[in-house]
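Record features (Swiss-Prot):
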MOD_RES   93  phosphoserine
TOPO_DOM  1-17  topological domain 'Cytoplasmic'
TOPO_DOM  39-46  topological domain 'Vacuolar'
TOPO_DOM  68-132  topological domain 'Cytoplasmic'
TOPO_DOM  177-182  topological domain 'Cytoplasmic'
TOPO_DOM  201-219  topological domain 'Vacuolar'
TOPO_DOM  241-257  topological domain 'Cytoplasmic'
TOPO_DOM  279-292  topological domain 'Vacuolar'
TOPO_DOM  314-321  topological domain 'Cytoplasmic'
TOPO_DOM  367-393  topological domain 'Cytoplasmic'
TRANSMEM  18-38  transmembrane segment
TRANSMEM  47-67  transmembrane segment
TRANSMEM  133-153  transmembrane segment
TRANSMEM  157-176  transmembrane segment
TRANSMEM  183-200  transmembrane segment
TRANSMEM  220-240  transmembrane segment
TRANSMEM  258-278  transmembrane segment
TRANSMEM  293-313  transmembrane segment
TRANSMEM  322-342  transmembrane segment
TRANSMEM  346-366  transmembrane segment
């Protein structure tokens, strides 16, 4: 029986890692696409693009909308609330059954407590959570997209993947994560790497434009702004992840499709006035894309965001949030490789060393977290072996 549980657990964990790999590829591809239309000023509209991408989450509600239409044709009543509850509770029941039938380890990857003791979020609680995190989610993605208008994809990717560094300390402040010497050491090494990458990228861009007569002396400042925006995105991701974990606890307690669907709906309904404000003050003049290439890129990027965020949520359920966050550091060499291949960029020794430090810091943090996860898994397994016979009696 134990062997079957372990085999099933390994299969689900492997599936989670495969989905994480897909997320990594899609996120880097999305960064290159956005950078492509920002770099040549063909359509530098970070707010509108982020608004469109986030609004695309509303398609997660389409299966429920379809069920409402079918129910209306059959009974003459729409009953939207009933269909939403069925989607929320029905998916939740299947999800919980799947976890119970495979391994108790899946429900105790982070907290070390028994997930079945926690009640699943109701429909109202899920919608409320979506409303609370809509602005924070949107702002995090906005500053990340905006950073691509000023800095390289490689630098943006490296700085964005430092989110685990901020998640660790913000989580410790909120009593969500525990600090250890290994985690602090890894975070310090990551911080040193950030300084090296930022300094190298700004210096290289500045030197290229000093040599170019038509270059702008302020370009180094723009690169620094881009790096700071990417860093701000990492901080906001850390805040978002920590607060979400504190509110939800176990990620299996929330239906991610309903959650993301209402994030998209609230974004669509409440953030459109910002487009008017940005246009009025001239910060981002509103205009729809006219170039077919830009239209295709924006559409493809919407699809990428839609698919990658679903895979990201599933990967978190199949593995653990920390595993996913640390695993996203693989985007660093992938983005750097893309810059070398597609843009023929050269990486300085300082840049490469800084990137190596950041990547190495994640291995240190991951090793420490893995040991904690193993201890929590053993505790959960022992708890399950005691509770199940008691329940049968």
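Placed from the backbone N, Cα and C atoms, the Cβ positions cover glycine too.
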Task: Mean of pLDDT values spanning the topological domain 'Vacuolar' (39-46) - done: 83
Open item on the list: Should anything in the same chain at least six residues away from the transmembrane segment (293-313) have a Cβ under 8 Å from its Cβ atoms, list it; otherwise answer none.
Closed with: 19-20, 22-23, 26-27, 29-30, 33-34, 36-37, 42-43, 49, 52-54, 56-57, 59-60, 251, 256-257, 260, 324
- [ ] Go through the chain and flag residues at least 6 beyond the ends of the transmembrane segment (220-240) whose CB is under 8 A from any CB in it; none is fine as an answer.
- [x] 133, 136-137, 139-141, 143-144, 146-151, 155-156, 159-167, 169-171, 194, 197-198, 201-203, 205-206, 209
Task: Contact call for the transmembrane segment (133-153) and the transmembrane segment (18-38): at least 3 Cβ pairs under 8 Å, seq gap 6+ - done: yes
Task: Chain residues in Cβ proximity to the transmembrane segment (183-200) (below 8 Å; excluding those fewer than six residues from its ends, i.e. six or more beyond) - done: 155, 158-159, 162, 165, 168-169, 224, 227, 231, 348, 350-351, 353-358, 360-365, 368-369
TODO: Count the residues of the topological domain 'Vacuolar' (279-292) that DSSP assigns to helix (H, G, I), to strand (E, B) and to coil, and report the three numbers in that order.
DONE: 3 helix, 0 strand, 11 coil
Task: Contact ranking winner - 47-67, 258-278, 346-366 against the transmembrane segment (157-176), Cβ under 8 Å - done: 346-366
TODO: Name the range, of those listed as 18-38, 47-67, 346-366, that has the largest tally of Cβ pairs under 8 Å with the transmembrane segment (258-278).
DONE: 47-67
TODO: Count up the helix, strand and coil residues in the topological domain 'Cytoplasmic' (177-182) according to DSSP, in that order.
DONE: 2 helix, 0 strand, 4 coil
Open item on the list: How about long-range neighbours of the topological domain 'Vacuolar' (39-46): same chain, 6 or more residues beyond its ends, C-beta under 8 Å?
Closed with: 142, 145-146, 148-149, 284, 287, 289, 291, 293-294, 298
Open item on the list: Summarise the topological domain 'Vacuolar' (39-46) as counts of helix, strand and coil residues per DSSP.
Closed with: 2 helix, 0 strand, 6 coil
TODO: Using a Cβ cut-off of under 8 Å, list the residues of the same chain at least 6 residues beyond the topological domain 'Vacuolar' (279-292) that approach it.
DONE: 42-43, 45-48, 298
